[in-house]
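*Asks:* This is the structure, below, for whatever I ask next.
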Amino acid sequence: MAVSFEKNRAQIVAAWKDVLDDKSDTNWSLFGYEGQTNELKVVATGDGGVDELNEDLNSGKIMYAFVRIEDPKTGLNKYLLINWQGEGAPVLRKGTCANHIRDVSNLLSGAHLTINARNEDDIDLDRLLKKLSTVSSAYSFKEPRGAMEEQKAPVGTNYTRVIPTKELNASVMQDFWKKEEAEEKLRQEAEKESKRLELQKLEQEQRSREEKEHKEREKLVISTTKLQPAHVPIKTSPQPLSPEKTAPGFANNLTDAERMRQARNQEARELIGSRVGAAKAMFTKHTSEGQLQSKLNTQPPAKPARNSIAQRINVFNQNQPQDAPVPSPPRAASPAKPLPVEAPEPVVPAPAIAPAAPVAAEVVSTIAEVEESQPVDDLPLAHESEQFSTIKRSPHSKSNSLQSQSPDETTSSNETDTAVSQEQEEEVRTKVSVTVQQSQSVKSSGMSTLERNALTDLVNEDDFICQETLGDLGQRARALYDYQAADETEITFDPGDVITHIDQIDEGWWQGLGPDGTYGLFPANYVEIIN
């Protein structure tokens, strides 16, 4: 049902106008229903504002209020229409009066804002003012005006007349460019200083890093040396340590393939070491036996680099009886015609011994003068040169040749012994004269005969050793690719290098002597065999 204003319209309109009148003290009026009817009436009016209105509101009824509030910013009066629905009001009554607010707002016109309220908190003054500020313009009539604006000068222009003499002042320009140049120099110096400091910092970091790495490498080398086996490696040239295989935890991280490879390398090194040791022992044995046989069965060769002339003459006199003919053994008796057994002929000294004595005396007297002129320092040099003569092959022994002769040849040699002794006498005289001339010429040149002969023999011996060493290079191969040794058991080579003394110990890995003199393993598919 609709609301009814017929019975109390005059009182309602009078109360509404009192609130609208600015000269009236009444600033609020409250309206309600008579009993359970829809007839609207005036409940109360007052001038105490919103706080006084809250005292007359009943939480169990439906009521309407028209309020006047002064805006503190603008000083203007604002009017509110409040639709009060108490929390304790019957629900059916709320539904019935829900549509009455439209008719009431038409009667009580002039309100700036219509709000719904259910309790006293909804009618708080601050909340009402905040809602009014959102629906009204932001006026500030009562706010104090700002300070008096400063007096403004007459409107002018920024144009200034160009004065060429002032604009083109040379001194000002020079000062400007000098200032710019000084600033540029300062900037460059600051930039150089920053670069220098940065470079110094980088060098310091690099130096500290290198020192740290050097200490780590030393520790690594010490730990690796302790873990190395006790055998002596065949290779003599140093090989770079592999950082992967010298790590402290390398022994624990070996794979099966690496263990097999190391075992194979160890076995190959032991085999090569045994072969080299046996070869060295055999070479030493043969060399010592050859020297002993040469000393027992042969006379010393007449070499000026080894002995002095006086020593040669003494040896010649001592070995002269060895050149005597060997007595022929008795002939065996023939079974057909027996002959008397003849006693063996005694060993008769060669007739050349007697004439050799004056020759030796003459030679000794001649050599004595030469020996006095020679410095004493030549003797150690001759002794040192004797140490290198063991590698030389001893000359053919005369006694061996005599022993190999038949008895008939021995008999014929006895007949020619006298003639041979005379020829030896002449030969000795010739050698003495030549030696004296050589000693005098060497003395004038500033070098002794022993030094020259020792140097000549050393060169000859070195050539002989090189020929003996390079005579057998074994199986050779030429490198097709370059290879870098992974550890100390392998060799390094470049394309075109020749590898000698190759031992094909495995299908994929061979051993040989590299171009740098090291002996070790290398991959077989990196080389080709040289025929």
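Note: Cβ is positioned from N, Cα and C throughout, glycine not excepted.
Reproduced below are the annotations present in Swiss-Prot:
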type: DOMAIN; residues: 2-133; note: domain 'ADF-H'
type: COILED; residues: 177-220; note: coiled coil
type: MOD_RES; residues: Ser242; note: phosphoserine
type: COMPBIAS; residues: 289-300; note: compositional bias 'Polar residues'
type: MOD_RES; residues: Ser328; note: phosphoserine
type: COMPBIAS; residues: 387-422; note: compositional bias 'Polar residues'
type: DOMAIN; residues: 472-531; note: domain 'SH3'
*Asks:* For the domain 'SH3' (472-531), give the DSSP counts of helix residues, strand residues and coil residues.
*Replies:* 3 helix, 27 strand, 30 coil
*Asks:* Which residue counts does DSSP yield for the domain 'ADF-H' (2-133) in the helix, strand and coil classes, in that order?
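*Replies:* The domain 'ADF-H' (2-133) comes out at 50 helix, 38 strand, 44 coil.
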*Asks:* I'd like to know the mean pLDDT over the domain 'SH3' (472-531).
*Replies:* 91
